[in-house]
């Protein structure tokens with residue numbers, strides 16, 4: 001066998017990933033992965049096609065091999081610009097995620113004596129029976145409490161059209177803005193940060209920045225494990241360019257520190273002080289790009305002491321001077337300089353516990369006009385009671401130096417889910433959003449949506465709906481009666497399970513529906529479980545962290561009676577007549593809708609249903625099945641996408657025509673005249689920036705980005721004498737989120753079967769604990785028992801423990817506090833107080 005240099009690199013990367021996970025590759029020996037990259041050599045009886053990876057927000061493309069109606073193999077797509085033929089260890093086992101032994105294939109309803117009972121046993125029912133019960137529960141709840149009595153909790157793992165259909169069904173059909181995605185728990189702070197600074201969501205740069213940068217700074221991001229393919233590109237850049245630097249900031253050491261030139265372990269929440277110190281250093285050393293800020297920036301000061309997103313009755317929430325306030329007032333550059341001046345090197349070193357020389361080295365990197373810097377961050381910034389502020393403050397640094405919107409330079413918010421950008425954010429499945437950065441609170445935005453959707457004026461309610469944490473509180477308080485969860489496992493992933501989540505789900509007054517392929521913690525706590533099609537069992541589309549939209553075709557059928565989330569929403573919409581859910585005065589504005597169902601109005605409206613099945617056959621060939629399209633009799637996905645795309649075209653969110661994406665390995669929006677945009681807001685790269693403008697942040701009416709003065713403020717809950725340690729939660733390389741897919745892959749489960757608690761050896765010795773012992777981790781809200789680990793990949797400093805959240809047998813969110821960023825409503829999973837004792 002002859003190996004090219006490319007094959008050799010790929011094979012070694014695969015072997016490295018497998019070694020890290022302590023598993024064997026699906027093809028043995030390791031070189032076999034390189035040897036079978038070309039599908040033509042893998043056997044004529046296997047059919048291959050492309051798909052976006054099912055896991056993180058990187059957006060890798062994989063080749064999917066099918067045979068006999070099953071996915072039998074997956075491999076990295078050598079034509080994909082994102083991953084260039086590589087997979088991480090999870091990607092190598094994608095072929096197994098759909099075939100767990102406990103896959104759900106029929107709807108299951110809690111029943112006793114032949115009818116629904118909240119305390120009954122799960123019993124198989126037909127889809128008609130399931131929808132009959134759902135219909136009765138929805139209509140009863142809405143008759144008594146109006147549209148605000150029902151809610152839907154979606155996902156950054158929804159396909160683009162699943163999220164879009166759900167948004168239409170809830171916000172236009174049922175007229176309820178109680179729709180939120182699980183991306184509220186991971187990306188909401190990034191969204192609000194973008195909107196406050198630029199008034200336009202998502203990164204201005206792209207992954208091409210990696211090959212052009214002189215330095216990388218990771219803020220609360222363990223890319224080595226959470227975005228390993230991007231990390232491989234950073235590693236290549238660092239090791240092949242001797243002057244390249246990597247700086248890593250975190251509250252504990254992890255695998256990304258192994259490549260770091262500058263390691264900064266800071267005290268929880270003090271990243272805010274570090275960010276302000278860097279801004280102060282830039283100003284004090286004369287490193288401000290004065291021309292840039294004079295032309296392209298405006299200065300603001302934000303309200304402070306804004307609380308912690310806790311219940312209004314909580315003492316810390318009651319004590320806040322400006323609870324939940326995002327108000328900003330204009331200031332001058334001189335006032336901004338005075339604001340950050342107290343954040344000296346000495347003060348910041350003392351506050352953060354980071355050695356002064358390391359802080360100074362980091363600040364000098366940003367201040368050096370010759371160094372091109374990319375800042376990456378994920379949950380360390382976002383899952384933070386001041387997560388929006390943290391996002392704003394890192395933008396301040398890049399704006400002060402002009403290191404933004406240019407190749408190799410820029411702030412880059414990474415996403416954790418495959419379509420947190422493409423579905424949750426761009427489609428607008430948040431409780432306050434509509435597609436393309438429109439919001440329900442703005443009457444002009446509502447009018448745009450109503451016109452595109454052919455709805456009477458006043459259909460979309462103007463009040464923001466309940467966000468993720470508020471939904472759980474409303475269920476517990478019996479204000480929310482029906483809750484439909486799709487494509488996530490919130491009973492495991494949501495915060496404060498014991499006090500806020502489980503009581504609401506098992507409240508006798510609530511009805512909980514969970515659509516899932518497996519019997520997850522969420523499914524087992526529900527009243528009705530709907531079996532769901534997964535990944536390539538349906539036609540899909542995701543949008544990744546670099547604004548890249550990617551499509552795939554349905555390649556196999558779902559098992560049994562499992563149906564996609566899209567099918568479920570569209571089919572259920574047939575159960576509602578317009579008159580049943582709209583007030584009479586609204587129906588009177590569109591009398592032609594009288595007697596029609598929500599399906600007729602939303603999905604058979606002359607736009608969504610205008611693409612015929614023969615059009616699908618021409619595009620894909622008859623070899624490809626499409627369950628949803630065959631069921632409704634038209635090319636549903638194409639109709640939904642083209643209607644949705646109308647929101648963004650001509651407004652800086654331009655998407656290409658639907659058919660283009662099936663031919664490409666994704667395109668980065670805005671796509672204008674068939675050309676994708678790599679760097680936004682910069683003349684010569686962005687078609688929306690006119691000749692002579694240089695830079696224009698066109699999301700803002702004046703074209704100027706906001707540099708915002710915001711202080712360091714403490715966390716919601718800090719260690720004390722009894723609960724004397726910080727708890728930080730997160731992930732590991734081998735598992736994804738709650739492990740509902742990866743723990744069903746035997747190789748990944750064997751590699752890391754259980755969650756452990758990582759602790760500094762000195763902390764263990766102080767408590768009389770030893771590595772390998774069973775210990776209890778206890779917070780004010782609950783306790784769990786785990787094995788103690790004082791070595792290995794994660795190395796917390798004294799005073800902090802780390803626990804991953806993938807293990808349904810050790811629910812770490814029994815411990816966490818439901819504090820949120822008051823602006824983004826995103827949960828802070830990184831900071832609460834615990835104690836650790838022998839079990």
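Yeah, the Cβs are placed from backbone N, Cα and C, and that goes for glycine too.
Listed in Swiss-Prot:
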type	residues	note
SIGNAL	1-34	signal peptide
DOMAIN	46-102	domain '4Fe-4S Mo/W bis-MGD-type'
BINDING	53, 56, 60, 88	[4Fe-4S] cluster binding site
BINDING	90, 157, 182, 186, 219-226, 250-254, 269-271, 379, 383, 489, 515-516, 538, 565, 729-738, 813, 830	Mo-bis(molybdopterin guanine dinucleotide) binding site
BINDING	805	substrate binding site
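Positions of the features from Swiss-Prot, shown on the structure.
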residue	record	CB count, 10 Å
53	[4Fe-4S] cluster binding site	28
56	[4Fe-4S] cluster binding site	27
60	[4Fe-4S] cluster binding site	29
88	[4Fe-4S] cluster binding site	30
90	Mo-bis(molybdopterin guanine dinucleotide) binding site	24
225	Mo-bis(molybdopterin guanine dinucleotide) binding site	24
253	Mo-bis(molybdopterin guanine dinucleotide) binding site	20
732	Mo-bis(molybdopterin guanine dinucleotide) binding site	25
737	Mo-bis(molybdopterin guanine dinucleotide) binding site	22
805	substrate binding site	22
For the domain '4Fe-4S Mo/W bis-MGD-type' (46-102), the number of residues DSSP places in helix, strand and coil: 7 helix, 20 strand, 30 coil
From 60, 88, 220, 225, 253, the binding-site residues whose CA lies within 10 Å of that of the residue listed as 'substrate binding site': none
Shell list ([4Fe-4S] cluster; ref centroid = CB of 53, 56, 60, 88; cutoff 8 A): 55, 58, 59, 83, 87, 90, 91, 228, 229
C-beta crowding around residue 538 (Mo-bis(molybdopterin guanine dinucleotide) binding site), within 10 angstroms: 29
For residue 220 (Mo-bis(molybdopterin guanine dinucleotide) binding site), the number of other Cβ atoms found within 10 Å of its own Cβ: 24
Separation of alpha carbons, residue 225 (Mo-bis(molybdopterin guanine dinucleotide) binding site) and residue 56 ([4Fe-4S] cluster binding site) (Å): 11
C-beta crowding around residue 379 (Mo-bis(molybdopterin guanine dinucleotide) binding site), within 10 angstroms: 26
From 53, 60, 88: binding-site residues whose CA lies within 10 A of residue 732 (Mo-bis(molybdopterin guanine dinucleotide) binding site): none
Residue 538 (Mo-bis(molybdopterin guanine dinucleotide) binding site) versus residue 53 ([4Fe-4S] cluster binding site) - Cα distance in angstrom: 14
Cα separation, residue 60 ([4Fe-4S] cluster binding site) to residue 220 (Mo-bis(molybdopterin guanine dinucleotide) binding site) (Å, whole number): 22
Across the domain '4Fe-4S Mo/W bis-MGD-type' (46-102), average pLDDT on the 0 to 100 scale: 96
Cα distance (Å, whole number) from residue 60 ([4Fe-4S] cluster binding site) to residue 90 (Mo-bis(molybdopterin guanine dinucleotide) binding site): 11
Rounded inter-Cα distance in Å - residue 225 (Mo-bis(molybdopterin guanine dinucleotide) binding site), residue 60 ([4Fe-4S] cluster binding site): 15
The residue listed as 'substrate binding site': secondary structure state under DSSP, collapsed to three categories: coil
Between residue 737 (Mo-bis(molybdopterin guanine dinucleotide) binding site) and residue 88 ([4Fe-4S] cluster binding site), the C-alpha gap once rounded to whole angstrom: 15
For residue 732 (Mo-bis(molybdopterin guanine dinucleotide) binding site), the three-state class that DSSP assigns: coil
Assigned element (helix, strand, coil) containing residue 225 (Mo-bis(molybdopterin guanine dinucleotide) binding site), judged by DSSP: helix
